[in-house]
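What follows is one structure encoded as structure tokens, with my remarks underneath.
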Amino acid sequence: MAHNLLNDTFLRALLREPTDYTPIWLMRQAGRYLPEYNATRARAGSFLGLAKNPDYATEVTLQPLERFPLDAAILFSDILTIPDAMGLGLDFQVGEGPKFAHPVRTEADVAKLAVPDIEATLGYVTGAVREIRRALTDAQGRQRVPLIGFSGSPWTLACYMVEGGGSDDFRTVKSMAYSRPDLMHRILDVNAQAVAAYLNAQIEAGAQAVMIFDTWGGALADGAYQRFSLDYIRRVVSQLKREHDGERVPVITFTKGGGLWLEEIAATGVDAVGLDWTVNLGAARERVAGRVALQGNLDPTILFAPPAAVREQARAVLDSYGNHPGHVFNLGHGISQFTSPDHVAELVDEVHTHSRAIRSGAAG
């Protein structure tokens, strides 16, 4: 067991070691589906007021752990902290999502981009990591569950930086990629350096695993995905600290819509690959043949179904993977703000119960 961790099931699963049951955590597990999160956000005044205050970030990171016996905590933050630190002027408008005051569109904009000083500009994130680690640890120095740090991928960050916010079709960033690949690669190079430095700073502050969210990699065509996303994920992974404080630090990457490229993603040097719900988990396990762990991959909208259906679909995911090491249960994307916390409780219980039955051979 990782030293002083009361529950290291998540870390052992990422390293493909045997576990008594399948660990579970959920993307966006600290979020708007929880009434207590909304209460804390109201006190903070805004999303950025929440994310940039280590006390609030710690409070909301721990909220889902108070409700559910989840096997990992994930830092409460946002993937757009890096471009914000680059001076692009991040703001969240109610009902509109993130917007940048200074999108990166011209040659001059690209020339101005630089890797931010992580401690000077993103010290609130590393401060939150340290504070969360303390909050997860009891008076005897025993930590409840591991803490995950994260970043957006170079390509996904570039999507927001060039578009100036979210997009239905990403035509501005894709147009740049195809018409001025030199500018696109310059942005991606700066982003890759920044992401690696940012994740390493989180690891040094106490993150025990890190995840790269490539939310928009699946928007790219085959070939373009390799050039503009995967190549830069590989660069990031090659620069990461894989051990800290005497313990291995596993790396997860998740490309939404990336099931086509599973084998290539698995070859980037990561320890685990996250999958969305379009991928057959059992077939994916055979495709990677034990080279990496897999994370996923329940369709998050299943949580709107009645509890019996939630449990049935959770069992289907677990049965698909089978009695093999190297599976972390998660959703195929972030949990919806409209999800009932009671249904999440049903899911967590079923994952733990049924995976124990699979291990013991009692699952029918």
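Glycine is treated like the rest: Cβ placed from N, Cα and C.
For Tyr160 (substrate binding site), other Cβ atoms within 10 Å of its Cβ number 28. According to Swiss-Prot, the feature substrate binding site maps to Arg28, Gln29, Ala30, Gly31, Arg32, Asp78, Tyr160, Thr215, His333, an assignment based on sequence analysis.
In sequence order, Phe47, Ala51, Pro98 are the residues near Asp78 (site 'Transition state stabilizer'), counting only same-chain partners six or more apart with C-beta under 8 A. Swiss-Prot lists Asp78 with the feature site 'Transition state stabilizer', giving sequence analysis as the kind of evidence.
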* Let me know how many other Cβ atoms fall within 10 Å of the Cβ of His333 (substrate binding site). => 21
* Residues Arg28, Gln29, Ala30, Gly31, Arg32, Asp78, Tyr160, Thr215, His333 binding substrate per the record - widest CA separation, whole Å -> 23
* **Residue among the binding-site residues Arg28, Arg32 whose Cβ has the most other Cβ atoms within 10 Å** => Arg28
* Tyr160 (substrate binding site) - helix vs strand vs coil (DSSP) -> helix
